[in-house]
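Visitor: The annotation compositional bias 'Basic residues' is assigned in TrEMBL to 1041-1050. If you look up TrEMBL, you'll see 1073-1088, 1111-1143 marked as compositional bias 'Basic and acidic residues'. Per TrEMBL, the feature domain 'Ig-like' maps to 33-128, 133-219, 268-350. Taken from TrEMBL, the feature domain 'Fibronectin type-III' applies to 368-461, 467-557, 562-655, 665-756, 783-882, 884-981. If you look up TrEMBL, you'll see 1041-1143 marked as region 'Disordered'.
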Amino acid sequence: MADPPRLLVFFASLISLRFCGADKGSDIRGFTPFQFVVEPIDTLAVRGLPAVLNCSAASDAPVRVEWKKDGTFLNLVADDRKRQLADGSLLISAVVHSKHNKPDEGVYQCVATIDNLGTISSRTARLTVAGLPRFLSQPEGVSVRSGGTEMLSCEVTEELAPFTRWERDGRPVELDGRVIQLPSGALVISNGSQSDAGLYRCTIDGLGPAKTTDEAQLQVRERFAVIGGGSLQIVNLTEEDAGIYVCQADSGNMTSEIQAELTVHVPPRFLTRPSNTYAQESMDIIFECDITGSPPPTVKWMKDGDTVIPSDYFRMHNLQVLGLVKSDEGFYQCLAENDAGNVQASAQLIILDLASGPSERNDPTPSAPRDVVASLVSTRFIKLTWRLPAEPHGENITYSVFYSLEGTNRERVENTSGPGEMQVTIQNLVPDTKYTFRVVASNANGPGESSTPLTVATQLEVQVPGPAPNLQVVSVGTSSVTLSWDRPVTGNGEIQTYRLFYSEKGRDSEQDVDVTGLSYTMTGLKTFTEYSFRLVAYNKHGPGVSTEDVVVRTLSDVPSAAPQNLTLEVLNSTSIMVRWQPPPAGTLNGELTGYRLRYRKGLRRADAAEISTSQLFQLIEGLEKGKVYTVRVSASTVNGSGPTTEWIAAETFENDLDESQVPGVPSSLHVRPLVNRIVVSWTPPENQDVLVRGYKIGYGIGSPHAHTVTLDYKQRFYSIDNLDPSSHYVITLKAFNNMGEGIPIYNSATTRPQSDPIDPDIDFYELFNNPYTPAPDPTPMLPPVGVQATVLSQDTVKVSWADNSLAKNQKITDSRYYTIRWKTNIPANTKYKTANTTTLFHTVTALKPNTLYEFSVMVTKSRRSSTWSMTAHGTPFESIPSSAPKDVTVISKEGNPRIININWQPPTEANGKITGYIIYYSTDVDAEVHDWVVEPVLGNRLTHQIQGLTLDTTYYYKIQARNSKGMGPMSDAVQFHTPKGKSSTSTCGGVTLSRLCVSDKPGITGSQEKRVLVIVVIVSVGVFTIIAVIAGAVLCTRRSNSHQKKKRAACKSSTGSHKYKSSSKDLNPPDLWIHHERLELKPMDKSPEPNPVMTETPIPRTAQDPAAEPSHQRRGESLRGGESEGRETQNDDASKQRVHITDRPAPSQPVLCFSCCIHLVSI
């Protein structure tokens, strides 16, 4: 097409035509509609009978129709058997045909002409005369299996096939989608049954007396059926059936394969048709004509019925006309033909008549540019320079250079690159040829005077090589091609090297490589990619003439990437909808032939079923209820399947949706009023467990009951059309199922007044009058509605929406795309992330668990974009904490060095609500986790107190957080050494007197500290004994209602540790434990309250444990990590002595406590 500077001159010329030539009454002539309404088609005629070839052309001007036969115009005046009907059709009253005389058989073409304007030709049609009716063979009876497909042959000559019909048991066979008759006359019956059985015969009608075959039994075949023991028959052939077919024979011991390629011929079809064009003399124009078909059609161009011959000014395949002259005006036709048919399309070219001279204009235009010279002359280009006109009459002067071959009147034009530029280089000239140049300056008023013509001759090209002939490029692999060529005919000396230039299709940059010889294999190319190659020969004088570009595509391969964005949507208890997107651009490595979907039941290896599809979605039905299924997808080309996606799991519903009640009220209803319509969008009811079969919209002026519309359950928007402007409408929406209609939701809106501005239409005529007026801003599109965020997993949310600017079926047929953005408000300055998609949904991944995200959508089509939609919110599911509690600190309690306070902060990535913490501590940092002492803490606590520690001992602490999904990682061990100072409270082994603990290890009683301790113990025990006797008596008498509390404290000797064990066979419950290493008195707790800390942590109990009773529970103050309190090693009796006294009468229990005190005193 013409470049922008050239268009500026074109538009300026139109302005001068519009304003300066107004006095003369000149106007731009409009396009004349001129086309064929009916074109002739191939026709089978019968000897002696009439035949008609239809043709009709339509135009506002009178049309004259003529006919050609075999390329020669018919003389209908001299032929009394042929005459032209009123609409242009050709009638042959009686077809003449014999063995040696066939005057009517041939190729016919209809030619329509508008006098003084142009001519167009129809597509060609062949008239064939049928011979005498006869059958080449008789149909044979064949048995048919139920449900199979079979074919009954009716062999006749090709011209008789349209006159054949079939009868069964003497009655005509009714043809339908199951019973079809092939173009050859054969009868094919699919899905055969006993009702199809009978005697069939083929009949020829319409060519005189009817002629029939012998009767035969019905035969049934499938569309793809193996016949004759191994032949593959394909019925109703389509373009998609083309490809490579493999026949495999298996004898049990050996398998043999052979393949064959099926090519399907497809008639030519237009992808791009030529369009009517206005142009100005000296401009260059292009008529586009893109054709598809199989085999590839041949294309030729015609102008006013005459074939266009390629030349320097007429270039193919898309017709490019260079340097227009007035005689180029007319009708141009693109004709395409292959073995399967032919098509044609036409377009009109109008050369505008512009004002000729500056004297006819009222406003001044520039004078002629001065001093036009050829500053640089080469063999194939000339550089021209000039000076500013003496009278420019304005600023921003642009220039056009008109040039032509000497002796011709066909001028071409080259415009300068910008205003004020006073030089231009004319490329692609012919060596040793004279050209005539002239320069015209233009201002805002139009083009001015032309400079004096300048004749310059290009230099003689005798030093460099000519183009290398016969350049051929062949793909030999997925990433390599082989090139070959011949030596240049005009070598002009020895060829030193060749330089091969190549570029990827769609890229402007060219790469090159130096080669020697007459062939070269290039590797490292992209798979299934088109490349353009050209070759330049070099000699001692430099580069020669380049060859024409040769385009080739590398071979295809399997895809190198898996499909993207695979999602599973459980529809009900027996079906799952699978959706995905194609592999990333550039990874298909060939033409996509389809997708292979595999699914299996369960998460482990199992037999997987496979489905092939060409869609981006697949419904899997017939599944089991409440089962987990995993799915993966791969893309395929003709070379095979590429890598698959990861297995994605989904679980079918235990039961289908409830329809025992009506649906709830829709959760939202939004309206968008326009002048004559209101766009309504909504979201479904919040209770997704109730089945919704559809929605009903009611609307009217002042009342919602005037009109009712019923919609599908998948619908999320609707446009109420044909409304009155400036009117108040009430709208109601309700969901329904088989149980009835649900509660409606109401809204109202007032349509906009009729005076509101509508989308402006760009006037083409005004655009000519004012080429410098900027185009109006594109009208923004309606934003997507009904945006929903569906949480799929802990890091994935599916965002879906509806588009009001699409048809009601929401099918996307244009190049629009959608942009999804999302962010979280934590922290507040988080930036949006975006993604693009061409579907009405997108799956956003890599989100943070248990974090609120907001999503919105925008649609873009060409230069038009919508505003962002309303925001939808979604919070991914919780996940186990991915980080440990932080800032763990340990400090000793003031006044009691055996107690420490441990503090911490929640995990940075909690991934959910923290329900509890587990504190681990031990004196051995390398000990196994189950050997650490554990203490549970509620999730709302960030501090905890640990008592009964040993002085002058190093402890290590770890903390672990927990939420509803499980335990997170442990924090790093924090070390703390207890001080050496004495406690003001009397202790024994780190336990207060409320916890009696006696050790028989030597060395303790020998120290001064222990002797003082014994005295204190004796005095304290005396007081304690009186209290214990009284309390014990009361508590033991109320034993059935008491709640026992058990707590063991770790007693560390010089060689001891903090580990303890107890018997799993405890009786109901022990009052006293006496041990060589540990003595523990268990106080009774009347509190029946359950343990408020970490109730999820189980504590094993025996059958006799009173904690198993409903009204009593035992609370453990400290648990050993990884062990239950009832574990006991089998060697415990050999190393320790123990007295276990249980279940005594109530009065005796104080005596037992007293005996404990006496034993302590004896020590």
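Start at 1 and count along the chain as shown; that gives each residue its number.
Using N, Cα and C of the backbone, Cβ positions are placed for all residues, glycine too.
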Visitor: Do you know the mean pLDDT across the domain 'Ig-like' (33-128)?
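Guide: Taking every residue in the domain 'Ig-like' (33-128) and averaging pLDDT yields 90.
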Visitor: Mind checking how the domain 'Ig-like' (33-128) divides into helix, strand and coil residues in DSSP?
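Guide: Residue counts for the domain 'Ig-like' (33-128) by secondary structure: 0 helix, 47 strand, 49 coil.
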Visitor: What are the helix, strand and coil residue counts for the domain 'Fibronectin type-III' (467-557) according to DSSP?
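Guide: DSSP composition of the domain 'Fibronectin type-III' (467-557): 0 helix, 41 strand, 50 coil.
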Visitor: Quick one: DSSP breakdown of the domain 'Fibronectin type-III' (368-461) into helix, strand and coil?
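Guide: Secondary-structure breakdown of the domain 'Fibronectin type-III' (368-461): 0 helix, 49 strand, 45 coil.
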Visitor: Tally of helix, strand and coil residues over the domain 'Fibronectin type-III' (562-655) according to DSSP?
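Guide: Counts, helix then strand then coil: 0 helix, 49 strand, 45 coil.
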Visitor: In the domain 'Fibronectin type-III' (884-981), how many residues does DSSP put in helix, strand and coil?
Guide: 3 helix, 54 strand, 41 coil
